[in-house]
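To start, the structure under review is shown below, and the notes come after it.
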């Protein structure tokens, strides 16, 4: 299969971790010693698959030990992690801690505490014909999982799927994004120091390296990034019938409607939109509200941005930078093509990849800013005067990764919830829902499929094996299914295998 001779996997698309058309690097963190020859992809896979087939990853003790090693990696190297994130995106310590370091550590704590219960057989209800059998679901590891991470949260969105893979008993190959180069290098350095080199490896490189990697057969591929690259990954996976989890993005809408605390709304909207300078797959991509709400919101939004980032946001240490010059150019060209009116922000500095938090009004549905996920610090405001009109506008877009509704009226929130579809839903706040490990995180439709966090990731990277254990008793009852067939046998058999109302047969 041709995986892209005529296709450039570039970062014109938001959150795409594959941009530079460089020669294959064949760099892996799974080497035994610094002087040893680089392993090929197939050699890395053979090594990991051999370890998996040995059964080493199956016992809970091994899984727990590796999770605790990953915990040590995080806690013992926090300063290095913060420094790498600072180099890659100029992330402030505060955002790096809560969105990268603590998200991973909290996920580890939750998985370590609950793994034993997740691994237990799940016994199911039975009918009369299976009354004496043991019937249960057994969670089994899949094998070798490929995890391809993005650049916007280069640590969290790479290691959280790894936690799920380890918990489910898999081996894993990590492919960090080369766009976030400092984090990429740090992950490649730390993983082999802390984790089993027989079971986990890091492959580095750019687009060509990833294409070459995808020619190999994996037991599952977990990808976070853009829809454009996801299509190529699906094509590659199809050759081997490999199951895929896609964590994508899309245009996440925010609707403000009805009675609302407009001051609180301005602060929560600004924080969730401009966190990481808008480079979040769950950031509010556009706002829908009435003209009256818009006019009341704008001065509060302006004051909020000044409170957050000062009157000179370019000098604020709390505002990260755009990840690369190419992304900066993409965003500025998008802004130039927009016919919306900039009412705050708009300033930029190419040299240090700075773009000010920017708000636009009079934005039409067919505006350039509405063509694709923005993935940057632009907030277009569209207007709708009725709730029905607003919902219809939102539903004309592809299904998003998240949908936000700001309203004090439960009827408004419930109406939007019932008449829309999205990966996640949150009222009166933004992005915060993805921090709870008991909720699944994933998309629907064009925003992806499959979910993770907590048990959801464990289930995604496990095979749910149906098991029935039976002995040799009740052979006379079994005789009902043997030829010669009779109407009397059929009647009795249907009675013994039917589900009885209001009856649980465990």
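Cβ coordinates come from backbone N, Cα and C, glycine included.
Per TrEMBL, active site is recorded for 247, 281. Annotation comment: TrEMBL describes 43-466 as domain 'Aldehyde dehydrogenase'.
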Distance from residue 281 (active site) back to residue 247 (active site), taken between C-alpha atoms, in Å: 9
Among 247, 281, the one of these active-site residues whose Cβ has the fewest neighbouring Cβ atoms within 10 Å: 247
Per-residue pLDDT averaged over the domain 'Aldehyde dehydrogenase' (43-466), given as an integer: 97
